[in-house]
Amino acid sequence: MIKSQKEYLERIEYLNTLSHHYYNLDESIVSDAVYDELYQELKAYEEKNPNDIQANSPTQKVGATTTTPFSKNPHLMRMWSLDDVFNQSELQAWLQRILKVYPNASFVCSPKLDGVSLNLLYHHGKLVSATTRGNGLEGELVTNNAKHIANIPHFIAYDGEIEIRGEVIISKEDFEALNKERLEANEPLFANPRNAASGSLRQLDSEITKKRKLQFIPWGVGKHSLNFLSFKECLDFIVSLGFGAIQYLSLNKNHQEIEESYHTLIKEREGFFALLDGMVIVVNELGIQKELGYTQKSPKFACAYKFPALEKHTKIIGVINQVGRSGAITPVALLEPVEIAGAMVNRATLHNYSEIEKKNIMLNDRVVVIRSGDVIPKIIKPLETYRDGSQHKIERPKVCPICSHELLCEEIFTYCQNLNCPARLKESLIHFASKDALNIQGLGDKVIEQLFEEKLIVNALDLYALKLEDLMRLDKFKIKKAQNLLDAIQKSKNPPLWRLINALGIEHIGKGASKTLARYGLNVLEKSEAEFLEMEGFGVEMAHSLVNFYASNQEFIRSLFDLLNPKNSDMAKEKQKSSSVFNNKTIVLTGTLSKPRQEYAQMLENLGAKISSSVSAKTDFLIVGENPGSKLALAKKHGVSVLNEEELLKRLKELD
């Protein structure tokens, strides 16, 4: 709570410093939740003391002034910031201000993506500039980098001048992969997907941007000459131009419907492909929007209904070391319990000891913890201003916490090299039975631990020798449960080849790489390092890991393959793919089809096609359903082959 004008001025200075770090340096000094709390206190003081309001207050401006090597570029129409609401009562108050004057107003609700706002300017159908939000009036010109974002069309079927606005994001999956690469290269990790997206969009080298797998999700328009009556019509028009559709978009009439949409999003939040921090609510009727107008900073016809925070501050009270299936030691921080988005968090990964030293994290530190989707909670950084002298250095272990074998300490990672370490064996089997490997139902972590304790198994081969009486020795196992597990183990025989390769737990070889390897047949693991390097997406580390793993485990691998007899259906699929007319072709689907577009997209991808959301001169086929819209005209302009649904089905049938 701000009690004086002096505290008010200090708060402005502090919040402006935070904004500068957030917008210009891609660095979050405090969590979003802490910033929101400080901002709301500032706003409350200004509401009580309007004569004290300063022009440089963050409530009076959008974003931050840019201070980067990129040139500044003005927006044709201002990019506004949204006012936040944090609970039902605040939302109700916001709605009442609108509905008491416009009782028939409706509201478009959509996910609030946590990324970087970008303004795309098209003139006569051509992308002429891409500018970040900046201070709302002008931002950074990042056109060359934006052109490397795969789902931003360089041309659209609209001749007028139009600003299309949206969010540049990186998916949670791609964010984790990017940070894994940086970790292995001993580079600083990105704190969160938003920082990764911002840093990637603002690279001086566009080739780096191209590699980062950024995505653009549209959410509105700036200057335009469209004649639509509703905001939803505008969004539908943007999608028809070749931009990706907005997931979980809904049109609502009242508070109850908006709350239902909000809670649906919260429910889907963890499984959503990108990081969300709320729901955007916009008055649908453009005439009402115009009459409502703007405050100095925000539109009165829209707000952001924020989600509960996924970042919190807590204290490290201890550190334990876990041993992975490769022998890598992972330090895990024990935390004072803290609730993050409805889940109680009492531990978080510290990645490795090199990362601990780089971030200068100490025992008894107060730290920022983040939890994103299904990702294990992690510590972003220490809050050094809270240090009181009780902190201690977190020391690297010298022996394995499980088998007491001496550890190998490399520059980044620390390893237990004892191949018979129980932790390594146990973790290998947990992975072997996991969903993306052999997916053995009922064979979870606790069951595997019991099997080890009873000395019933040492490796994966032992699973297939288990008998009913063996399982009956385990805690909480009766005849039916034991028989079900035996049946599930037997059912895991004859798996797809890629699943068995993935189940081996080879370092640097995940699900995607396993599928690539499976294309080369049952003897793929016997290939040389040079042959592995010729495979798409395989680097030196992966090739080296494969060769070393096979050399060390030849007998075990052969025995496992003989016992499980994996199916080599991947080879047949590759043969079908190579003979397909759609192999290596870029395809766009548009209009209403009898099956969901995603179903057709999956069929075509299985035949080697690349699915795109926008038509260009590089498009090979346009698949059209009913009401194809502007994409059909654009396809004819570029000489793209057009197939209707009947023709597509005929060609697919010919390939069976």
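Positions of Cβ are set from backbone N, Cα and C atoms, glycine also.
Feature annotation from Swiss-Prot assigns NAD(+) binding site to Asp32, Ala33, Val34, Tyr35, Asp36, Ser81, Leu82, Arg133, Glu167, Lys306. When secondary structure is read from DSSP and collapsed to three states, Val34 (NAD(+) binding site) falls in the helix class.
Look at Lys112 (active site, N6-AMP-lysine intermediate): DSSP puts it in a strand. Other C-beta atoms found within 10 angstroms of the C-beta of Lys112 (active site, N6-AMP-lysine intermediate) number 21, with every protein chain shown included. According to Swiss-Prot, the feature active site, N6-AMP-lysine intermediate maps to Lys112, an assignment based on sequence analysis.
Every protein chain considered, the tally of other Cβ atoms within 10 Å of the Cβ of Cys421 (Zn(2+) binding site) stands at 19. As annotated by Swiss-Prot, Zn(2+) binding site applies to Cys400, Cys403, Cys416, Cys421.
Secondary structure of the domain 'BRCT' (577-656) per DSSP, as helix, strand and coil residue counts: 32 helix, 18 strand, 30 coil. Marked as domain 'BRCT' by Swiss-Prot on the basis of sequence analysis: 577-656.
Nearest to Cys416 (Zn(2+) binding site) in space, judged by Cα atoms and limited to the recorded positions Val34, Asp36, Leu82, Lys112, Glu167, is Val34. Ranked by Cβ neighbours within 10 A across all protein chains shown, the binding-site residues Asp36, Glu167 are led by Glu167. Ranking the recorded positions Val34, Asp36, Lys112, Glu167 by the distance of their Cα atoms from the Cα of Cys400 (Zn(2+) binding site) places Val34 first. Annotation note: Cys416 (Zn(2+) binding site) sits in a strand segment as assigned by DSSP. A Cα-Cα distance of 44 Å separates Val34 (NAD(+) binding site) from Cys421 (Zn(2+) binding site). Note on proximity: among Asp36, Leu82, Glu167, the binding-site residues of the record, the Cα nearest Cys403 (Zn(2+) binding site) is that of Asp36.
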